[in-house]
Every structure is written in structure tokens, then in C-alpha cells.
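Annotated features in Swiss-Prot:
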{"type": "SITE", "residues": "44", "note": "site 'Part of a proton relay during catalysis'"}
{"type": "BINDING", "residues": "45, 202", "note": "pyruvate binding site"}
{"type": "SITE", "residues": "105", "note": "site 'Part of a proton relay during catalysis'"}
{"type": "ACT_SITE", "residues": "131", "note": "active site, proton donor/acceptor"}
{"type": "ACT_SITE", "residues": "159", "note": "active site, schiff-base intermediate with substrate"}
């Protein structure tokens with residue numbers, strides 16, 4: 001279930017700033033046709049930080065209702081009580097797993113991190129993937145904390161976006177006796193992470209090129225690194241373009257250009273600049289995504 005390419009879904013909005021239910025369903029169908037192994041609603045790319053609690057639940061409900069692949073729902077928060085509430089709802093909705101970001105802004109000490117994740121894991125019987133992304137949280141989860149949490153039965157993995165391949169290797173080295181997976185949280189480092197034992201990626205680019213991202217990951221997992229490298233270099237310029245500004249600003253514009261459901265960004269995020277829009281469009285044309 002936690003192997004392969006899984007898009008961190010964008011959340012499309014209608015013109016009156018509501019969840020675009022039909023658009024989200026179309027986007028899910030598109031990535032499924034591209035061969036993705038699962039979908040991840042309500043993550044950073046899904047603008048979860050600016051969704052209301054009811055909208056958060058609505059997006060997860062839509063994903064579960066229409067998806068033909070496993071759903072791993074983002075249920076994290078910097079408020080343990082809120083994260084627990086989101087996780088309980090997701091489990092009741094029938095998700096296959098949840099993704100829990102390390103609490104942001106608060107910068108908890110190691111004891112706080114351990115208690116946060118353990119409390120949620122003990123309260124809700126659902127497979128949980130932790131999410132380490134220091135650029136968003138202001139804190140890199142300590143290796144010792146990750147290794148300790150890997151021993152918890154239903155904490156089954158971590159999405160790693162620290163940018164530190166050495167740390168990824170250490171996590172894998174120190175959890176080799178656990179049933180624990182490491183999933184890339186950075187498109188540009190997915191292939192290196194797979195090469196040291198990672199099992200997949202929760203991907204921004206897979207919203208736009210799900211077929212290529214899926215083929216790259218599947219090739220690497222099968223040991224065909226020649227094919228994987230070829231695809232990696234093919235899509236690398238697009239990946240760079242998708243991070244010219246804060247995620248998900250560029251990918252929502254890319255989705256719009258590609259004819260997918262997108263809609264406005266929620267403030268305080270503002271639209272992609274004209275210069276960067278042209279750069280994104282250029283990379284989409286090179287890949288044949290648009291004419």
C-alpha cells in the first residue's frame with residue numbers, strides 16, 4: 001500500500017471558493033489512469049492549512065468515495081487534539097492510511113514529538129505515515145525520535161522531505177528490523193531515495209505527469225535504474241519549474257494549463273507570476289502535456 005508513486009493531490013475550488021467536487025473526481029480519475037499507486041488528499045499541496053475542518057472532511061470523503069486506489073489522507077496539525085479529530089474522521093471514512101506532519105510552529109521537544117504521535121496511534125487503529133519536512137515545520141525530526149516511533153505497531157513509515165539523503169539512509173539502517181517504509185517527499189530526490197531503499201514518493205509532479213512518475217518509480221523498484229534515470233532526467237526540468245514559487249502555486253497553474261480542475265489559490269497564497277507561468281508552460285510543452 002505504501003509503495004509506488006502517489007500524488008499529493010491539489011484541491012480544486014469553484015469560482016465561489018468552494019470545494020470543486022466534480023473537479024476533484026476528474027483529477028483523481030486522471031492520475032489513476034496514469035497508473036499511480038495511491039492518492040494523498042489534504043496535504044501541503046492540497047492547501048490543507050487553509051481548509052476549514054468541514055472542508056478537510058469533505059475532501060477526504062470525496063477521495064474515498066471515488067478512488068479506485070488506496071487513499072492516504074493528510075490528517076496532521078500542530079494541535080494534537082485537532083490531528084486526532086482529523087485522523088478519527090479519516091479512519092471512519094474508510095481511508096487506507098493517514099499522513100501526519102510533524103507539528104509545525106510549536107517546535108516541540110523530543111518528548112513532545114513522541115507523545116504527539118503515540119497518542120494518535122494509540123487512539124486510532126489506522127496505518128500512519130509520519131511526515132518530516134523541516135522547511136515547513138521549522139524543525140527536523142531527530143533520528144532517535146523517528147527510530148523510536150517506528151517501533152509503534154501502526155506507525156508504518158515516514159515521508160522524508162528533509163533533503164538529507166544521509167539521514168534517509170540512517171533511518172532505513174536503523175529500522176531494518178521493523179516493518180517500516182521511507183517514502184520520498186521531494187520529487188527531485190525521489191530516485192536517490194529509492195536507490196538507498198525508499199519505497200515510493202508522495203509527489204507534486206504526479207498531479208501533472210502521473211504516468212511518467214509512476215513508470216520512474218516502478219522501474220527503480222524493479223531494479224531497472226537505467227530506465228528510471230532516463231525518466232528522472234526527462235521530468236527534472238518540470239519538477240524544478242513546479243517549485244519556482246511556493247508549492248502549490250506552480251502546480252495549480254500547471255493543472256489549469258493542462259486542462260485539469262484547479263481554481264483559485266486560497267489566500268495568503270497568490271497566483272503564479274507571469275514570468276514563471278511562461279516557464280511552467282514551456283516545460284509542459286516540452287513533455288507534450290500541452291501544445
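Each residue's number is its place along the chain shown, starting with 1.
Quick reminder: no glycine exception, Cβ is built from N, Cα and C everywhere.
Features recorded in Swiss-Prot, as mapped to the structure shown.
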residue : record                                         : Cβ contacts under 8 Å, 6 or more apart
44      : site 'Part of a proton relay during catalysis' : 8, 74, 101, 133, 136, 247, 248
45      : pyruvate binding site                          : 7, 8, 9, 10, 204, 207, 247, 248, 251
105     : site 'Part of a proton relay during catalysis' : 78, 137, 138
131     : active site, proton donor/acceptor             : 43, 76, 99, 100, 101, 102, 158, 159, 161, 185
202     : pyruvate binding site                          : 6, 7, 8, 40, 43, 72, 99, 159, 183, 184, 185
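Within 10 Å of the C-beta of residue 159 (active site, schiff-base intermediate with substrate) we count 28 further C-beta atoms, all protein chains included.
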